[in-house]
Structures are given as structure tokens and as C-alpha cells.
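**Q** A single structure is presented below for examination.
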């Protein structure tokens, strides 16, 4: 099984990508047109501190994560990396795809001189992230502005 890890691009299947995201959280691909998707992807790709990484097998998107870089004044003008929206298609889990995505995200954060990386996860996947060097820290807080 050949797995490729790359940034999400305009020639990737937008519907396939959104269907994958449905396994992570709420999204309704039926209301997002190709034009809307491309506009949003253009906004993301024009931001050098925002990267969507996808894993593909035979051209099919089977995993994804988002990396955000937050430039800081503290720690001698370094940055903080944020890993978000980690998802692997349920039919492809336990094949090392999640690990490949996180390793790529960590590499991006290193290249951007991040002094730490933050990610939020549920208790059931803490062990996975601990094996990759992450440690539980503090508590996460959230305020949902749209009620979801």
C-alpha cells in the first residue's frame, strides 16, 4: 500500500475531501459548491501559516490534518504550531496513516521554528499522540459562537 503525503491542492477531489471530514465533525458537502470550495482553498493556500495535509492511496484521500503556525514575540520571536482536524478514513485506520500525517505536521512546525506544538484530542486517542512525543498539558477551553 503506497501512501503519499502532500498539501491539499486544487486538483484534489473536493467532494472526497469533504466526505472524509464528515468522519471528524459536522459538514454538509451537498451545500458546498466547487466554486465555494476553491474560493476557501484559495484563501487557505494564500496564507503561508495555514496548511492542509492529505494522505492518499491510489489517488484517494484517506487522511488529513491541518497545520497552523502562530508567529510569537515570546521565545525570541519563535512560533507555536497548532495541529487541527486530524482524521483518517475509518476503512484505512491502523495502517500508520495518522502517524505519517502527524510526523509531516511536526516537520512543518520544525521548519517554521516552532518552540512547541499544541493539539486538542479526545481521551480515547491520547495514547496515540503520547507515542509520538506529545504530553497531556493543562485543559482545553472552547466557546462555540455558532452553537455547535
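Just so it is clear, glycine is given a Cβ too, placed from its N, Cα and C backbone atoms.
Swiss-Prot lists 3-148 with the feature domain 'N-acetyltransferase'. Summarising the annotation, Swiss-Prot assigns substrate binding site to 25, 72, 73, 74, 75, 84, 85, 86, 115, 116, 120, 138. Taken from Swiss-Prot, the feature acetyl-CoA binding site applies to 86, 87, 88, 94, 95, 96, 97, 98, 99, 129, 130, 131.
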**Q** Check the Cα-Cα distances from residue 86 (acetyl-CoA binding site) to the binding-site residues 73, 75, 115 and tell me which is shortest.
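**A** Out of the listed candidates, the nearest Cα belongs to 115.
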**Q** For a quick check of packing: other C-beta atoms within 10 Å of the C-beta of residue 73 (substrate binding site), how many?
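**A** There are 7 such Cβ atoms around residue 73 (substrate binding site).
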**Q** Compared by Cα position, which of the binding-site residues 25, 75, 120 is the closest one to residue 99 (acetyl-CoA binding site)?
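**A** Checked the binding-site residues 25, 75, 120; minimum Cα distance to residue 99 (acetyl-CoA binding site) goes to 120.
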**Q** Please list, in sequence order, the residues in the chain of residue 95 (acetyl-CoA binding site) that are at least six apart in sequence and whose C-beta is under 8 Å away from its C-beta.
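**A** Same-chain residues close to residue 95 (acetyl-CoA binding site) (Cβ under 8 Å, separated by 6 or more) are 1, 3.
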**Q** For the C-alpha pair, I'd like the distance in angstrom between residue 73 (substrate binding site) and residue 130 (acetyl-CoA binding site), rounded off.
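**A** If we compare the Cα positions of residue 73 (substrate binding site) and residue 130 (acetyl-CoA binding site), the gap is 28 Å.
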**Q** Inside 10 Å of the Cβ of residue 85 (substrate binding site), count up the other Cβ atoms and send me the figure.
**A** 16
**Q** Looking at the binding-site residues 88, 97, 130, which has the shortest Cα distance to residue 25 (substrate binding site)?
**A** 88
**Q** Using Cβ atoms only, which residues of the same chain lie under 8 Å from residue 97 (acetyl-CoA binding site) while being at least 6 residues apart in sequence?
**A** 3, 55, 62, 63, 88
**Q** What same-chain residues, at least 6 away in sequence, bring their CB to under 8 Å of the CB of residue 75 (substrate binding site)?
**A** 115
**Q** Give, as a single whole number between 0 and 100, the mean pLDDT over the domain 'N-acetyltransferase' (3-148).
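**A** Mean pLDDT for the domain 'N-acetyltransferase' (3-148): 96.
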**Q** Which ones in the same chain are close to residue 120 (substrate binding site), with CB under 8 Å and 6+ residues apart in sequence?
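**A** Long-range Cβ contacts: 84, 140.
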**Q** Among residues 86, 87, 88, 94, 95, 96, 97, 98, 99, 129, 130, 131 annotated as binding acetyl-CoA, what is the maximum Cα-Cα distance? Answer in Å.
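**A** Greatest Cα-Cα span of the listed binding residues: 18 Å.
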**Q** Cβ-Cβ under 8 Å from residue 130 (acetyl-CoA binding site), same chain, 6 or more residues apart: which ones?
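**A** Once residues fewer than 6 apart are set aside, residue 130 (acetyl-CoA binding site) is near 136.
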